[in-house]
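Asker: Pasting in a structure now, in structure tokens, and then I'll have a few things to ask.
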Amino acid sequence: MRLLPVVVTVSLTVALAYYVYIPLPDAIQEPWKLMMLDAGFRTTMHLASLKSWLGFDHYITSIRRSSDGFEGMMKGLSSSEPGAGGVMPGVKVSDITFAGVPVRVYEPPAGGEGHLRRGLMFFHGGGWAFGSAKKGSYDTINQMLSDELNTVVVSVEYRLYPEVHFPVPYLDCLAAAKHFLSPEVRARYAVDPERVAVAGDSAGGNLAAAVAQEISTDDTMSVKFSVQALIYPVLQALDFNTPSYLQNQNIPILYRHLMVRFWLQYLGADLSLQSQLLANNHSSLHLPNITPELRARLDWTVLLPPKHKKNYRPLIVEKGSQGAGKEMPGLLDVRASPLLAGPEVLAKCPRAYILTCEYDVLRDDGLMYARRLQDAGVTVTHEHYDDGFHGCFTFITWPMEFDVGKRALRGYLNWLQNNL
């Protein structure tokens, strides 16, 4: 009988290790920390899905509550972290609305009253379903940026799925951007009209790119964004078989099937279409609305450098599902997929900073957009992290602190310091 506790303990330990362990590339530093982070995320997802199946709550709502509880616990354990327990000295934080859209405004201690300052509008990531302008690393990062770069930062609390879907998040961001760029608001915050940026990570990078395109081509706007900073942006939903989608389909924390789910949610489509999108059946050759010209705008066989194409082959479906395309009317809308914009639009876009990570399904989206912007005559700074993974930019505080995240954040801040 004495052996029973030992057997149970060993069995549970083995089961836990099996659940946590994921084979990761050697280049990823601190692999066990990433595995533990991913295990926590997967557990939260599984429990939320179970609660939803039992009829208690929508799984997105459950995940948000779990995330809020975890963040509250971490604040208590790391109250000395900048932004974790309060506001950085001198940075004024205000929760207000811009054109009816909730925003958090960070005003730096220096400048103002006769001294024009930089301005930056930020859109957070989270698959258009999670995240907040007011919480976690986003709050910390924007406080740092405001303080170090003497910048007025406006972080937008756009509406999320399941409450809304495309184009509502985009329209929220566009309305807030136009408000920020208006003469009255710029004067109120003493923002230099020649030094205003738009930035975002992941789904926020998608929104930043789309808003930058719209503002750039809007002749009614007297002031436009000077630069755009896109952190591993998601930019297209036609090809889920690019080299990076295949290479990194099982790399935490953004799995290939999860990114497809995010797209289906954002476009208001039936989640049962996931297998169709994974097989590229929604973008087959027999669909007349997807023209050769449109396909060329995301042809990774032309747009990617050889080191990233490797030995992968494009998955081109001759005849797929017409139904999938009909259920997603926003599929070809450039406001949802900025990579599909024509060269005449890209040529008007502001100078760009694009950050990509080697171990990220979205790597090739960013690489192709950088190439297309350059081909259109836009100056692009592309920063690639060979040891980076999706989400690392926000993993900068204990206990989710990664060296690559701190380096990525510093590269972003340094570029803005020198280019905005």
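Note that Cβ sites are derived from N, Cα and C of the backbone, with glycine treated the same way.
These figures come from a predicted structure and were not determined experimentally.
I grabbed these lines from TrEMBL:
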ACT_SITE  Ser202  active site
ACT_SITE  Asp360  active site
ACT_SITE  His390  active site
DOMAIN    120-279  domain 'Alpha/beta hydrolase fold-3'
DOMAIN    332-393  domain 'Alpha/beta hydrolase fold-3'
Asker: Tell me the Cα distance separating Ser202 (active site) from His390 (active site), rounded to the nearest angstrom.
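Answerer: About 8 Å separates the two Cα atoms.
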Asker: Where Asp360 (active site) and Ser202 (active site) are concerned, what is their Cα separation in Å, rounded?
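Answerer: One finds 11 Å between the Cα atoms of these residues.
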Asker: Using a Cβ-Cβ cut-off under 8 angstroms and a sequence gap of six or more, which residues of the chain neighbour Ser202 (active site)?
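Answerer: Looking at Cβ-Cβ distances below 8 Å from Ser202 (active site), excluding near sequence neighbours, one finds Gly125, Gly126, Gly127, Ile231, Tyr232, Pro233, Val234, Leu254, Leu362, His390, Gly391.
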Asker: Just how many other Cβ atoms lie inside 10 Å of the Cβ on Asp360 (active site)?
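Answerer: If we count other Cβ atoms within 10 Å of Asp360 (active site), we arrive at 27.
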Asker: Mean pLDDT for the domain 'Alpha/beta hydrolase fold-3' (120-279), as a whole number?
Answerer: 97
Asker: Per DSSP, how many helix, strand and coil residues does the domain 'Alpha/beta hydrolase fold-3' (332-393) have?
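Answerer: For the domain 'Alpha/beta hydrolase fold-3' (332-393), the helix, strand and coil counts are 22 helix, 19 strand, 21 coil.
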Asker: Tally every other Cβ atom lying within 10 Å of the Cβ atom of His390 (active site).
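Answerer: There are 24 of them.
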